[in-house]
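Presented below is the structure to which this report refers.
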Amino acid sequence: MASASFPDDNRFGLRRQARLPGPLRLDSGAALGPVDIAYETYGRMDADRSNVILICHALTGDQYVASAHPVTGKPGWWWRLVGEGKPVDPARHFIVCANVIGSCMGSSGPASIDPATGEPHAMRFPVITIADMVRAQAMLLDHLGVDRLRAVIGGSMGGMQALSWPTLYPERVESCIVIASTARHSAQNIAFHEVGRQAIMADPNWRGGDYYADGAIPSAGLAVARMAAHITYLSEAGLTEKFGRRLQGRPENPNGSKTFGFDADFQVESYLRHQGLSFVERFDANSYLYITRAMDYYDIAEDHGGSLARAFAASKARFCLISFDTDWLYPTAESRLIVHALNAGGAQASFVELSSPFGHDAFLLECPELNRVVDGFLTGGRA
Amino acid sequence: MTLRPDLALIARTVTPGARVLDVGCGDGALMAALRDAKQVDARGLEIDPRNVAAAVGRGLSVVQGDADTDLATYPEASFDYAILSQTLQTTRRPDRVVEELLRIGRQAFVSFPNFAHWRGRLSLFWGGRMPVTRLLPDTWYDTLNIHHVTVDDFRALVKDRGWTIDGQWFLKGDRETTHANANLFAEHAVFLLRR
């Protein structure tokens, strides 16, 4: 296969950042510019540029989809799906994954420096939406010389972006894979996010978002937000299997015992505290506020006169939706709503509910069926 | 790849380039054959997630769902053919499912094992036991087939609802058999219906 040869093109590769002049018109009416976007690319673009796959990340994800995270040193967050010999394979595909705007891993967000003032934007950063994130991704693809996407793939919030792509840029998307996601945020979803935001804003270190100067960050609030959210990513069966009511072992008592106090007696408490603490080392509290807000505002039907079917009317894309039976954050019924809308519009849609004990997090975990479906969908019809 | 006899018959009859909805499409064998041989735009509905995964792996568009509840989400006359092969007897309300097929498709293929085949009659008559045959291999307590139907029962339903029969085929093993006494001698029936 002929590959376009860009060996010296510094737009491509790992740990890239582009400063795009903008302005990016936002749903709120504000304009953002310049727009910084941090991203990674894997593989090589075909000469006809027909093998481009865009991966969209979830709330606290990042651009390091298939390479080690610079802060935690952990493997890329979707290494099970993206990599050599995996369904999304740099040997066959040119893969792009960008950090969403509003986030804190190098894309423009509350933690980045406002060139107009030389100070962090903090809460002066404009409120953004899922569609705004997608428009910023489109700007990046323009910068990379990519017109059409062979596929856009995302799970959870990444699925929201993937689903928004064919509604905003119908002529640029050939296929769309939406995993463990939804076409709108439910009242329950919004409620959980509000708990997290209130925990952050109640932290005395938050100080209206202006905490960047002295390093005293609202870590307690952010950790609580993460702990609450983390529960929604798991299933009761999964939690019970992993922890049950087992007590936390201590050096003097390896089997654990009740302290009749408020230490982390139960293993599940200790697990959640660890999740919260490790999260504050890699994520910015203000970014958490902005991105959860973007998800809450997300409602594709509302953006198209209340009709989900109408949102996809201009698109010729093939769709593949996947849900997990123990996911109660974005349950199967949410995916079915999208499938029904796609059927009503005569779109080519596939849907499957996979079985997993791991709840919403299943899309990030070992699931051979998930890989089989994604691989089959990507290669299918192109024998 | 050889198709099951009733599917081969349907595949022969479908016109090239048609839009087809295969309800209860299994692993997509018929859809793949129609796509590859006749450039048919085929969509599937299937209840078993493993089958859906297999069909998606073939590059087919298949939605996991239940014929009893999910057909209502497809718009009127959105397909040239709706196909229900060996699934009728597993639905809760076969009459309503066929009604939906005829709403969604201009024509509908319905194929089912004939419960009045002489072998089954002998089993019930002489043995006093529910028949277990090649096409109905499950015992009465673990079968998915909850509405056993005969050729004459189905004809009566068609007449009652005023549907039109555009074609009917009867199978014994992998061979077509005579229309005469189909209710007694056919193991399997395929009907092509129109509203």
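Glycine is treated like the rest: Cβ placed from N, Cα and C.
Straight from TrEMBL, the features:
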type: ACT_SITE; residues: A:S156; note: active site, nucleophile
type: ACT_SITE; residues: A:D327; note: active site
type: ACT_SITE; residues: A:H360; note: active site
type: BINDING; residues: A:R226, A:D361; note: substrate binding site
type: DOMAIN; residues: A:51-364; note: domain 'AB hydrolase-1'
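For the recorded positions shown (A:D327, A:D361), fewest C-beta neighbours within 10 angstroms: A:D361. Note on A:H360 (active site): other Cβ atoms within 10 Å of its Cβ, all shown chains, come to 24.
A sphere of 10 angstroms centred on the C-beta of A:S156 (active site, nucleophile) encloses 27 other C-beta atoms. The distance from the Cα of A:D327 (active site) to the Cα of A:H360 (active site) comes to 4 Å. Sequence-distant contacts of A:R226 (substrate binding site), defined by Cβ-Cβ distance under 8 angstroms and a gap of at least six in the same chain, are A:T60, A:G196, A:Q275, A:G276, A:F279, A:V280, A:F283. If you measure from the Cα atom of A:S156 (active site, nucleophile) to that of A:D361 (substrate binding site), you get 9 Å. In the three-state DSSP assignment, the secondary structure recorded for A:R226 (substrate binding site) is helix. In the three-state DSSP scheme, A:D361 (substrate binding site) falls into the helix class. Taken together, the residues in the domain 'AB hydrolase-1' (A:51-364) have a mean pLDDT of 96 on the 0 to 100 scale.
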